[in-house]
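Below you'll find the structure, written out as structure tokens, and then a few comments.
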Amino acid sequence: MSGNTFGKLFTVTTFGESHGLALGCIVDGCPPGLPLTEEDLQVDLDRRKPGTSRHTTQRREPDQVRILSGVFEGKTTGTPIGLLIENTDQKSKDYSNIKDQFRPAHADYAYWHKYGVRDYRGGGRSSARETAMRVAAGAIAKKFLQTVYGVRIRGYLSQLGPIKVEKVDWSIVNDNPFFCPDADKIPEMEKYMDALRKEGDSIGAKITVVAEGVPPGLGEPIFDRLDADLAHALMSINAVKGVEIGAGFDVVEQKGTEHRDEMTPEGFLSNNAGGVLGGISSGQDVIAHMALKPTSSLRLPGKSIDVNGDPVEVITTGRHDPCVGIRATPIAEAMMAMVLMDHLLRHRGQNADVKVDTPDIAAIARVKAQD
């Protein structure tokens, strides 16, 4: 398996399986001198961890992270940062009945054909449990971006099944189990998920993530465009089946006069581009959306085959999220942070001395908005 490392200058390599002893990662490329503690990482890990509400998996993992290296006297040293989270609530026997069976729409079948062996306990390496380490690594990137450059990254659940958010109040996002920014929609989501759980079924979701204060100039055309790398990062998250930048697929119905983000000395008049022009950040908010499929691990019987190709009826009895999107917001934030951190370091290495006389109109607009 050769695809376990993300990034070029700010790199994150994760390891571990859902029911293994522990999960871990190595973060390399973080500049020295950044104040960093385990508590800094734990905030986002607690937002992501399982068992925090009746609407998520009841597997209860504390997800306590340990910093093994790369930090001395409370500051990063510039050397690789080693992180570890122990697994404490595995119930591998729950998966014994599917040892030789493939769950429909799960990674089981593809992993078997690629590797000839698979860890059937909770999906092994293909489990979304792996994302705990992404969140821990992303928290480092988020702190650097916020501390050094004033970049703020935050996200929210913008759609759960048929329920679409209609307004965004950032102040309530972390005060409900859905990361929902629309207070009027939370009771509706609660009712919907309670009914879904009784049915034994699952549902998909959509997450929106926004980076504010991103300087213009991040992104490396042609093949490492900022939006291309964002799409790559978000698509690498378990269950993600689609990514949009800015207006996304709505551009199909927009006319050019509507889509173009016109400019004035006071700022941009719209942000259909999602903060990226020509693969390079424009200084506007970077906005991305991702769609997550419903989990395929269900207690409802489904048709499949076993390792011999014979027909079987599959029932999954382990503990699973009825909607994986509910806990995906911190993961999306982490991946966006890692992309922006990597591109900022690349930009700083090659283009730090580039100066132009044209004002940063997005920054001007932000200042005026604060007045």
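Any Cβ shown, glycine's included, is placed from N, Cα and C.
Some features that Swiss-Prot has for this protein:
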BINDING   Arg48, Arg54  NADP(+) binding site
BINDING   Arg125, Ser126, Ser127, Asn238, Ala239, Gly278, Lys293, Pro294, Thr295, Ser296, Ser297, Arg319  FMN binding site
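Distribution of Swiss-Prot features across the structure.
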{"residue": "Arg48", "record": "NADP(+) binding site", "CB count, 10 Å": "22"}
{"residue": "Arg54", "record": "NADP(+) binding site", "CB count, 10 Å": "12"}
{"residue": "Arg125", "record": "FMN binding site", "CB count, 10 Å": "19"}
{"residue": "Ser127", "record": "FMN binding site", "CB count, 10 Å": "21"}
{"residue": "Ala239", "record": "FMN binding site", "CB count, 10 Å": "20"}
{"residue": "Lys293", "record": "FMN binding site", "CB count, 10 Å": "17"}
{"residue": "Thr295", "record": "FMN binding site", "CB count, 10 Å": "24"}
{"residue": "Ser297", "record": "FMN binding site", "CB count, 10 Å": "27"}
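It is 19 Å from the Cα atom of Ser297 (FMN binding site) to that of Arg48 (NADP(+) binding site). For Arg54 (NADP(+) binding site), the nearest of the binding-site residues Ser127, Ala239, Lys293, Thr295 in terms of C-alpha separation is Thr295.
Ala239 (FMN binding site) and Arg48 (NADP(+) binding site) have their C-alpha atoms 16 Å apart, to the nearest angstrom. The separation of Arg48 (NADP(+) binding site) from Arg125 (FMN binding site), Cα to Cα, is 18 Å. Closest to Arg48 (NADP(+) binding site) in space, going by CA atoms and restricting to the binding-site residues Ser127, Lys293, Thr295, is Ser127.
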